[in-house]
Each structure stands twice: as structure tokens, then as C-alpha cells.
Amino acid sequence: MVFSSLIFLFIFLPAVLILHYIVPSVGKNFIILISSVIFYAWGEPQYIYLILISILINYFGGLLIRKNHKDEEKHKFIFITLIIINLSILLFFKYYGFLIENINNLLGVSLHIRNLPLPLGISFFTFQLISYVADVYTQRVKPQKNIIDFGAYILMFPQLVAGPIIQYSDVEKQLKNRKKSLDKFGEGVKRFIIGLGKKVIIANNVSIIWTEVKNLPLENISIVSAWLGIGAFTLQIYFDFSGYSDMAIGLGKMFGFDFIENFNFPYTSKSVTEFWRRWNISLGSWFREYMYIPLGGNRSGLVIQFRNLMIVWFATGLWHGASWNFIFWGLYFGMIIFAEKIFLGNILKRIPDVFNHMYTMVIVIVGWVFFDTDSISSAIGYIGVMFGFGNNLFINNMDKYIVYTNFLILAVAIIACTQLSIKSNKKINVNFKKMDLKLIIVIQTLILIVSIAFLVSESYNPFLYFRF
């Protein structure tokens, strides 16, 4: 089940909200837990046991860590065992095929590769479980003694399958006592509708451009087509993923939770380092707190800092997918961030902002080619076309057709994710306060109706980050 589906919008969500608000406070987390089990089982019935077992292991593991906190040896042993269990589950289901394939290629053997379906949201809930046991181990938080509350935290359907990655410390108090009001519920509905519009109206429509261009033979792609295609994907992945995050945050508010923001207009960044502070913020925070800082962070010399960055960005690439192009994508950004750290950042400070934006966007767009092509060689070939390394035409009739038929949606998408949107947003927020409530409801209802109209006319449209 996905948020952008009619069954979720008109059956599942209303039913869960009604149940959540009619039961006493003591039963609200139970409703969230049961509804989340149904939500997950709807899409992955064969793997519901996996996440439930993981919850039980980490629930009792957290209690054992706390119980043995005075016995350093046992304390540490339990913690390491839990980390190994969590990572082993992730490695087996997500990376087994990739590992066997590379062993076969390297050793010239023919080990059988089992095609294991990827459990929905495994990368996200595994990281939440790891952060929980790590925080209990370091005594940053106390273990959750109520298994219903713990299960609700891990399985909470608004953010279960594609984030944001919620650390236990962020919702510990909210699990027991969260503020609910009509205003907060209204904010949640508004945020959900905005996210739905991002996904259904913008992301799904610009994705058509990238699909058409990507499926062409390289020799038939013009330079302009190459930039239009990957430019469309650049917009698609932002509106798809940030749209999901908006919906998750909005749903959280409807149930009384305040989730962290996951995007902060990343395409307005003036450096790649800044871009990654604004993109998928919860994932970046997780890698910083649970990998980069424990490795030593910035406390050592440049060589150690470089090593730490490369480890983190290797892991970041691998987290996104079991293939060499994701690993290369991660290392590519790690190298650029290190270059900005030691010399490039000082250069960027001395040049006009417009060139900083251009530099950042070119680096990011080239990175997206590696992210969404089948192999490193395919990505390099496509990038070669983008920069004119070949006999490809500069422009052809297809480019004119793409621009002519998609001009409006491209213009809306570009404005909505850039500095123009930030500046106008402040004015809009001020004007919204002055607007009649009925007019605001009309605007939001219009976005909802248009989104539903697209949903009715389309087939299944999962979010891009579901595959991670």
C-alpha cells in the first residue's frame, strides 16, 4: 500500500484516524501498531514476520543492555551482537545476490544466486533499530519497556517504508504524551496534500521525460536531450522523495507526532557539502552520528578524515542499492566533499553565488546519472553525450517536442524547488494568514482533486525510495 493510492486515501487512512481518535489515550499506540502491521503486510505479507522478529530481538536486547550496564564486558557483547544481527538481516536480504554475483565474477565459479525480493523499507527500519540500540548502549536514552510503544515506534506506517529515519530520542516523549489539536491536525492535512501534489502532479509527470530519453540508444540522443532527460530525473527524485517526506510529516501531525524535516530546498545550495546538509537530512544525520563521529570525524589529520569520509560515503552508496554504480556514486560525492573541505570550499567563497549554484547543480546532476543508470559504463556513456564527447547532434526535433509539451510542468517544478520558491513562499505564508479560511481550503481541495484525478487515470506508482 502506498500513500498515493485510492485505497489508502479513502479507506485505510480515514478508518485508522477514526479509530485513533475514538479510543482512549492508552490504546492509541496499539491502533498505530496494528494499522502499521496491516499497512506493511498489504505490500509485503511474506516479510511481516521479519520485521516483527527484528522488533522483538531489539526490544529485549535493549532491556538486556540496560540490565547489564554495570558489567562492561556483557554490556558491550550484547550491543555488538544486536548490531551484527541487524546488519546480517540487511546484508542477507539486500546484498546476498550482489555478493554472490561478484564472487562468481572474481573466482570464475557458478554459485547459485537466489532472487530474494527486497523487504519493503528494510534499509530504513534497520537503521532505526541500530540507532535505538546504540543510544541505549551509550545511555543517551532509556530502553522502552512497553513493547506496544516500541513496536509503534519502529512500525509507524507514516515513515516506515521511506523515512524520514526517526531516532528514538526524537519521539520518546511523544509516544506517551503528544499534543493533539485541530490546528495541528489541519497542518498535517495541508502538509500531506502538498506532498501528494508533489508526487502525483509533478514527479510522476516529469518522470516520463527521463524514461523516454533513457530508453533511447546513445547515438540517437542529442546533447540537449541528454540534459533535458537527466534534468527531468533531477526534478523527479526531489519531488518524489520530498513529497513522500511531506506526506509522512503530515500524517505524523494528524496522529499528534512532530517528525524532523527531511529536505530544505537542496537545489538552492552553493556547494555539494551544503547540498548534502539539505538532502535526506535524517539519513545524513544518521551516518554522521553513528558512523562518521565514532570513526573519529574531524578530530584527526587529513588522511584519517579522508578515510572516514570514504568509509561513510561508500556505505551511503551501498545503502542506496546493491550495485557498483551506487558505490561509485557515493565515492564520487565523498571525493568532492573532501575536495571542498581542503581547498575547493575556499575558492567557492571568492566567486559569485550564481557560479556556486551552477557548479553545485552540474556536480549533482552528473551524480544522478550514476544513480539511475544500469551500470557505470552506461553512466559514463551518457555523461559523454551530455558534454559533447561523440558525434551526437546538439539539438533535434525531440528536444523541441519535449519542451513544447512539458513546458508548464517543468516551469512549475523548477520554480517550486529553487530560490524563487523560497522567496515567494514567505510572501505566500504572509498572504495565507490574511486569506479567508475558505479560500485556503479551496486551494488545498483543488490540489487534492487534481492529484486524485491523476491517480484515477494512472496505474500503480510507487515512490523511488521504496526500492531502498
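The backbone N, Cα and C atoms fix where each Cβ goes, glycine too.
Those TrEMBL annotations? Automatic predictions, nothing curated.
Computed from a predicted structure; not experimentally measured.
Among the features that TrEMBL reports, transmembrane segment is placed at 7-27 (among others).
Annotation comment: TrEMBL describes 47-65 (among others) as transmembrane segment.
Under the heading transmembrane segment, TrEMBL lists 77-96 (among others).
Residues or ranges marked as transmembrane segment in TrEMBL: 116-138 (among others).
Annotation comment: TrEMBL describes 150-169 (among others) as transmembrane segment.
Nonlocal intrachain contacts for the transmembrane segment (221-239), taken as residues 6+ away from its ends with a CB within less than 8 angstroms of a stretch CB, comprise 198-199, 202-203, 206-210, 212-214, 263, 266-267, 364-365, 368-369, 371-372, 382, 385-388, 392-396, 398-399, 402-403, 406, 410, 413-414, 416-417, 464. Marked as transmembrane segment by TrEMBL: 221-239 (among others).
Among the features that TrEMBL reports, transmembrane segment is placed at 360-389 (among others).
Residues or ranges marked as transmembrane segment by TrEMBL: 401-418 (among others). Outside the transmembrane segment (401-418), and at least 6 residues removed from its termini, the chain residues within Cβ reach (under 8 Å) are 198, 201-202, 205-206, 208-209, 212, 225, 228, 232, 235, 238-239, 265, 267-268, 424.
Taken from TrEMBL, the feature transmembrane segment covers 439-457 (among others).
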So which of 47-65, 116-138, 150-169, 360-389, 439-457 is most in touch with the transmembrane segment (77-96), counting Cβ pairs under 8 Å?
116-138
Tally Cβ pairs under 8 Å between the transmembrane segment (47-65) and each listed stretch (116-138, 150-169, 360-389, 439-457), then give the stretch with the top tally.
116-138
Residue list, the transmembrane segment (150-169) vs rest of chain: Cβ under 8 Å, 6 or more residues beyond ends.
29-30, 32-33, 35-37, 39-40, 43, 51-52, 54-55, 58-59, 62, 120-121, 124-125, 127-129, 131-132, 135, 140-141, 144, 175, 241, 244-245, 247-249, 251-252, 255, 257, 259-262, 280-283, 285-286, 463, 465-466, 468
Distant-in-sequence neighbours of the transmembrane segment (116-138), which means Cβ under 8 A and at least six residues beyond its ends:
40, 43-44, 46-47, 50-51, 54-55, 58, 61-62, 65-66, 75-76, 79, 82-83, 86-87, 89-90, 92-94, 96-97, 153-155, 159-163, 165-169, 283, 286, 289-290, 319, 466-468
